[in-house]
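Residues or ranges marked as active site, proton acceptor by Swiss-Prot on the basis of sequence analysis: D316. Per Swiss-Prot, the feature phosphoenolpyruvate binding site maps to K22, G96, R127, Q175, R347, R391, K416; the stated evidence is sequence analysis. Marked as 3-phosphoshikimate binding site by Swiss-Prot: K22, S23, R27, S173, S174, Q175, S201, D316, N339, K343.
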Amino acid sequence: MEKITLAPISAVEGTINLPGSKSLSNRALLLAALAKGTTKVTNLLDSDDIRHMLNALKALGVRYQLSDDKTICEVEGLGGTFNIQDNLSLFLGNAGTAMRPLTAALCLKGKTESEIILTGEPRMKERPILHLVDALRQAGADIRYLENEGYPPLAIRNKGIKGGKVKIDGSISSQFLTALLMSAPLAENDTEIEIIGELVSKPYIDITLAMMRDFGVKVENHHYQKFQVKGNQSYISPNKYLVEGDASSASYFLAAGAIKGKVKVTGIGKNSIQGDRLFADVLEKMGAKITWGEDFIQAEHAELNGIDMDMNHIPDAAMTIATTALFSNGETVIRNIYNWRVKETDRLTAMATELRKVGAEVEEGEDFIHIQPLPLNQFKHANIETYNDHRIAMCFSLIALSNTPVTILDPKCTAKTFPTFFSEFEKICLRD
């Protein structure tokens with residue numbers, strides 16, 4: 001297996017131009033495909049998850065031109081639903097941001113009725129989709145499970161989504177609601193969506209609603225408990241759509257600055273629509289010095305203290321707090337993060353396991369993790385298992401800010417969202 005060893009870093013300094021956001025890139029491509037008119041999507045992320053969406057759209061008859069560096073994509077909108085060739089099968093890797101929204105969009109009524117299969121990597125077949133399928137079926141969709149009940153692969157007939165009253169469980173993933181919201185304007189009737197339980201990751205719903213607005217569709221949001229969407233609408237291309245820098249990817253660089261130097265990230269700022277920008281507020285609460293601009297966030301070292309916090313609203317960036325916690329004074333508790341367990345891997349168990357390898361004292365609960373700080377000279381050199389999970393690889397690069405090297409196994413797994421992560425990270429590292 002490939003691996004990369006990061007030597008101890010004495011300080012960090014510099015500016016990082018962030019790649020486009022994964023969440024925004026895949027939403028933008030799908031909305032542009034369904035919209036009337038041509039959309040030029042700029043600062044698109046070039047990564048595995050985006051490639052899976054682009055390949056799927058091409059197979060569904062969407063025409064687009066991708067620039068040589070793959071960061072600009074001109075999409076010719078269909079002005080409505082997909083034309084599906086019968087017996088088409090789409091392989092979506094482990095891309096939840098492609099699987100979930102496409103599951104809903106492919107249920108919409110096509111010009112001719114046909115069946116399509118959605119499948120992916122073995123891990124995708126372990127990632128639940130029951131709550132989305134249940135909701136779509138209430139709205140009249142025709143979906144079958146091909147292997148295990150509640151999980152991909154799926155067979156979908158494009159008979160249409162009728163709309164009406166739909167209840168959806170919000171407790172596992174906000175992507176289910178995002179998928180339903182994005183397809184609802186193209187349903188035959190108005191849709192009223194009622195959330196069962198507590199809606200997780202609300203800021204991701206804010207992203208969805210803001211982007212739908214950019215493509216000409218308004219949704220009535222009643223305190224995240226009920227959403228009303230008019231049916232029989234069309235998305236209208238805004239002509240150009242700029243994808244913000246990825247706020248989750250920003251977290252590793254900002255944390256490095258907070259631990260041992262000064263780092264600025266550009267492509268995201270105080271007016272960002274991404275919830276993970278709030279990661280900088282968590283660093284500030286821990287003691288770091290944070291500066292916000294229109295198009296940048298900067299983190300500077302100050303003494304860090306542990307924190308006890310509900311991080312349900314920033315589940316991806318919260319992982320970075322788990323490794324940052326080792327460099328603080330006092331214990332850190334990250335709470336209400338059950339949905340770490342249904343991501344690319346079971347992230348709660350994975351983080352606890354790998355943190356212990358570097359010498360940390362950790363307690364893992366059903367939906368929380370307790371982490372004790374570690375003196376710089378007590379870190380152990382470990383081989384970090386990454387579980388084919390890009391975020392684990394990136395989080396554990398911060399361990400090199402101790403006096404000890406860290407070895408990351410399968411570093412190429414960052415290709416899911418940030419193929420050039422390790423070369424970018426090296427740019428800010430200073431060594432004695």
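Cβ atoms are placed via backbone N, Cα and C, with glycine included.
Just so it is clear, the model here is predicted, and its values are computed rather than measured.
Neighbour density for G96 (phosphoenolpyruvate binding site): within 10 A of its CB lie 24 other CB atoms from the protein chains shown. When the record's phosphoenolpyruvate-binding residues K22, G96, R127, Q175, R347, R391, K416 are compared pairwise by CA position, the greatest distance found is 19 Å.
Separating the Cα atoms of S201 (3-phosphoshikimate binding site) and K416 (phosphoenolpyruvate binding site) is a whole-number distance of 20 Å.
Annotation note: G96 (phosphoenolpyruvate binding site) sits in a helical segment as assigned by DSSP. Cα separation, K416 (phosphoenolpyruvate binding site) to the residue listed as 'active site, proton acceptor', rounded: 14 Å. With respect to K22 (phosphoenolpyruvate binding site), the closest of these recorded positions in Cα terms is D316, chosen from S174, D316, N339. Taking the Cβ of R391 (phosphoenolpyruvate binding site) as reference, residues of its chain lying under 8 Å away and at least six apart in sequence are, in sequence order, S248, D316, M319, K343, E344, R347.
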